[in-house]
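A.B. asks: Okay, these came from TrEMBL:
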- 132-145: compositional bias 'Basic and acidic residues' (COMPBIAS)
- 578-593: compositional bias 'Low complexity' (COMPBIAS)
- 595-606: compositional bias 'Basic residues' (COMPBIAS)
- 1-50: domain 'Endonuclease GajA/Old nuclease/RecF-like AAA' (DOMAIN)
- 257-344: domain 'Endonuclease GajA/Old nuclease/RecF-like AAA' (DOMAIN)
- 401-475: domain 'OLD protein-like TOPRIM' (DOMAIN)
- 121-146: region 'Disordered' (REGION)
- 575-606: region 'Disordered' (REGION)
Amino acid sequence: MYLQQLRINGFRSLADAVIDLQPGVTVLVGENNAGKSNVMDAVRLLTAPLDGKRDLYFRAEDLHRDGCPEEAHHDGCSRDIRISGRYTSADEGDLAVYSQALNADLKSLGYHLTYTPPSFGSQRGESTWRAGDTDTTDRDPEPAARGRIRHLYLPPLRDAQRELASHTGSRIRYVVESLLKEQSDRDEFVAQVRTGFSEVEKTPRLAAAVQAVQGQLDLLTAGAHAQKAGIGFADATVHSVTRALRLRLDEAGLKPQDLAQSGLGYANLLFMATVFIQLQKAAEADLTLLLVEEPEAHLHPQLQTILMGYLEEEAARSRERRVEGEAWLGRIQIVVTTHSPHIATAVAPENLVVLQRHKHAGTVAPRENRTRAIAVRNLGLDAKTLNKVRRYLNATRSTMLFGPRVLLVEGIGEAILAPAFAQRLFTGERLQRFRGTAVIPIDGVDFKPYLHVLLAADSNGNRIAQRVAVITDGDFHGLDEKRKTDRPGDLRKQISDLGAADAAEVFSNETTLEPELLNADERNVPLLEEAWKNQRSGKKGDRDWRFLRSDSWEGETESLPKGWAEKITESRERKLRSCSARAKSARATSSRSFWRPRRRGARTSS
């Protein structure tokens, strides 16, 4: 059993959003203010907390007004907040206890929460529940069944050291109490603590302190009623003992120390460990949604990967749990929000949901941001493409999922040069927009899987990227050579077939990058010569350049591009070395003029 789909209307930035989730782990990615935390809060409002202690409630400010003033509404703007959850299971028998919430297909169930904010001048809003996908407005007749679906929330921006050192001791108290479920266990624990306290009270130093106080007390009460002083701990209870306890931490083999002496990352993992102990209570619910916001906080990449592996294993183990009779199902489903490309690549691509913010064209000014969700599994990727994406998507390339603009290039050389060229060509807002663009080297020329992920639309017409540019070589070295493939043309056709011609464009040259830079203007020759010699040390660089300038190329600048192209493509090794040349060029262009061709043939300095 799992939450298959979340439909949200009128809640903060989620004016009208549908989020499809996976039975194991779903990772929500996207830029800041895309609405990831709003999705998590919607789940928290739709389900009960695992420990029964709710700390999130609707507020009037949660309504997505879309420009409407507080005291009035325009036509078409939201009047209430609606959150609906659709649950399903591979075993239809899991849903039997939810008979009142079953949908018409008898394979899923639904719960619908509606919140109507207070009218102007009033103080209280109204929340109502409905079960099942029916037209009736009858309220949920079996709220107890709905309570079998719960959540456990791990908030972002955790101060683990402060939380674990809190005087309330709530984290430690829960761990201890989870081991003392029977009254006899609690009584035995308290008795052992009291015995230990009594032994401490009998130590000579404490006895001497009592005697010192008693001596002064005797003088003060002389001639009145005599008093007897004593010293001891407060009456021991589970609560009082756990409030005084503090978790400690250090590397294995060393004596644990105060958390203030530990790094934030491992302290954060210790905090998570105390929270995840509550997952043992998942066996007391049919479904527990573990909601983890920004688990990457203070964790280096390897720890992020280890953590995600642990979460996936917990979810998988819960699905394998055998259930007999009317016992709890004990399923665990995990939803994670992240800004970390390492978290995003720790799960399969089909487990990713990209959240975006956008301005709705039909809204009344001032326009509010809206959130839309695109699940990778809904993009129609065939098995072959999905396998490629699964292999290709690494921490660098997955950054293309976090922002609206993407520049795809062949390799690291172009990825190094692009920012250097942008620094020379752009200023102000245009430069900032480039810096906010994900520059993705794909280490090859197989752009198609990336374009499919970025530009394929889901059933609602939403796609992951808003703007995509591809820079690739034409790899055509002259009229005497038959063009083996027309890569730019093939990519343009793919973009057109995806219906994304307005969102993407392919930029290509005739040969490769270096000859095109030479061909742009003869004044580029000295700079390219310097770059080439920098990566071909000593006599090798001079020999190469003499060869390019030799009679074989008639010593003319116009023939250099062809000579360069043949020289750098004569072996794979040379081609790889050219990346270094491009890096040198990038550094050189930061302080020297470089001449580039305009699209219509005009040339300009940059």
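Cβ atoms here come from the backbone N, Cα and C positions, even for glycine.
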A.B. asks: Grab the pLDDT values for the domain 'Endonuclease GajA/Old nuclease/RecF-like AAA' (1-50) and give me their mean, rounded.
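C.D. replies: Across the residues of the domain 'Endonuclease GajA/Old nuclease/RecF-like AAA' (1-50) the model's pLDDT averages 95 on the 0 to 100 scale.
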A.B. asks: On the DSSP side of things, how many residues of the domain 'OLD protein-like TOPRIM' (401-475) fall into helix, strand and coil, could you say?
C.D. replies: 31 helix, 15 strand, 29 coil
A.B. asks: Tally of helix, strand and coil residues over the domain 'Endonuclease GajA/Old nuclease/RecF-like AAA' (257-344) according to DSSP?
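C.D. replies: Split into helix, strand and coil, the domain 'Endonuclease GajA/Old nuclease/RecF-like AAA' (257-344) gives 47 helix, 17 strand, 24 coil.
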A.B. asks: Per DSSP, what is the helix/strand/coil residue tally across the domain 'Endonuclease GajA/Old nuclease/RecF-like AAA' (1-50)?
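C.D. replies: Per-class counts: 11 helix, 24 strand, 15 coil.
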